[in-house]
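Visitor: Below is the structure I would like to discuss, written out as structure tokens.
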């Protein structure tokens, strides 16, 4: 899809909003990275204060996908840092949305990728490798499933059951 703003998508698709096929995340995320607008098919991950699986996903080829991580909303440590974001950029991920914290903000802000997170935190995460891949998650008041589509810009983040066409 040629990128149109999330506001335009909402205005043009009231029936999808009413049916729940198109949902807006609550506006709780900070904007990081050099790509304020990004979109792509979603890969879901559920972890808590552990970043091993986050790093494993971002080591894979992204192919324009968006990694959406339910970090339980933890504000006690960062589950994403600069090195994995550089790797994600180099591997072709379109973006990363984290329901939790990140660190190495200056490095992330230098990367050509879109990143959303609740906040930054200097402490690193655990490294136990505990979590669930490709499972339905609920963040920012919205249920998100693997394979749905995410559209993000400076106005907010939309989730769609299918890829939207203009």
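Cβ coordinates are placed from backbone N, Cα and C, and glycine is handled just like the others.
The structure displayed is predicted, hence computed values, not measured ones.
Grabbed the feature section from TrEMBL, which reads as follows:
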BINDING   81, 82, 83, 84, 103  substrate binding site
BINDING   104  Mg(2+) binding site
Visitor: Residues with Cβ closer than 8 Å to the Cβ of residue 104 (Mg(2+) binding site), same chain and 6+ apart in sequence?
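Guide: Correct list: 81, 82, 83, 85.
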Visitor: Quick one: give me the count of other CB atoms within 10 A of the CB of residue 82 (substrate binding site).
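Guide: Residue 82 (substrate binding site): 18 neighbouring Cβ atoms within 10 Å.
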Visitor: Which one of the binding-site residues (81, 84) has its C-beta surrounded by the most other C-beta atoms within 10 angstroms?
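Guide: The largest 10 Å Cβ neighbour count belongs to 84.
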Visitor: When you tally the Cβ atoms that lie within 10 Å of each candidate's Cβ, which of the binding-site residues (83, 103) has the highest tally?
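Guide: Result of the Cβ crowding comparison: 103.
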Visitor: Centre the Cβ atoms of 81, 82, 83, 84, 103, go out 8 Å, and tell me which other residues of that chain have a Cβ in range of the substrate site.
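Guide: So the extra residues in range turn out to be 78, 80, 85, 86, 102, 104, 107, 108.
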